[in-house]
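Structure first, then comments.
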Amino acid sequence: MTTSSIPATSTADAPVIGVLALQGDVREHLAALTAAGATPRQVRRPEELAEVAALVIPGGESTTMSKLAIIFGLLEPLRERVRAGMPVYGTCAGMIMLADKILDGRDDQETIGGIDMIVRRNAFGRQNESFEAEVEIQGIEDGPVEGVFIRAPWVESVGGGAEVLATFDGHTVAVRQGNVLATSFHPELTGDHRVHRLFVEMVRGA
Ligand SMILES: NC(=O)CC[C@H](N)C(=O)O
């Protein structure tokens, strides 16, 4: 897709989607969202969160992200927006932030929650720090995506409301519950924007 084919100003066509910019691979998500037809914005403060229609939570380090979300006064506003139905997509550390419950977290680690699932931090990381693998994702056409796993979590179990969209090696690596989407891996690092496009479609439909 060329940039000239992307509507730049119409929020109906190019919804304003924030990227939580406390820590992590923010720039890559901003670029992927633009390529997927959205208008991205960095979100660091509650006022900025109030201005976006949806949010991406990047990969990075969930313990640091949790700490910074508290320091920046964002944790409660984030929880409220997610409860109110804002579409959110989390990759890797972002998936951890969207889990109602985590395993192998730090004692003081908080999550935003939103998906009724238990996520184990660094689950793949212990076996293999970083690897790539093809992942078939439900709802994504034209073949598997290249999953980039970096000290990645997996989903240990999901509750009734959550839908498993992808597994790898017997472990759940993509989940959706209503407007909340999460992947263990990093589509923002691949140049394949199908997952971001799926999210932009979720936002348009929300
Ligand atoms: N690539 C990543 O986002 C790694 C996540 C990291 N292991 C964490 O626990 O937050």
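Backbone N, Cα and C atoms are what each Cβ position is placed from, and that goes for glycine too.
Taken straight from TrEMBL:
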BINDING   G60, E61, S62, R121, I150, R151  L-glutamine binding site
ACT_SITE  C92  active site, nucleophile
ACT_SITE  H186  active site, charge relay system
ACT_SITE  E188  active site, charge relay system
Spatial neighbours of H186 (active site, charge relay system), counting only the recorded positions C92, I150, R151 and Cα distances within 10 Å: C92, I150
Cβ-centroid neighbourhood (8 Å) of the L-glutamine site, G60, E61, S62, R121, I150, R151 excluded: G59, T63, C92, A93, I96, N122, A152, P153
Number of other Cβ atoms within 10 Å of the Cβ of H186 (active site, charge relay system) across all protein chains: 25
R121 (L-glutamine binding site), number of other Cβ atoms within 10 Å: 24
Set of same-chain residues at least 6 away whose C-beta sits under 8 angstroms from E61 (L-glutamine binding site): Q23, G24, A93
Sparsest-packed among the recorded positions, when each Cβ's other Cβ atoms within 10 Å are tallied, from C92, I150: I150
Cβ atoms near S62 (L-glutamine binding site) (within 10 Å, other residues, all chains): 30
E188 (active site, charge relay system): secondary structure state under DSSP, collapsed to three categories: helix
Protein Cβ atoms within 10 Å of G60 (L-glutamine binding site), excluding its own: 22
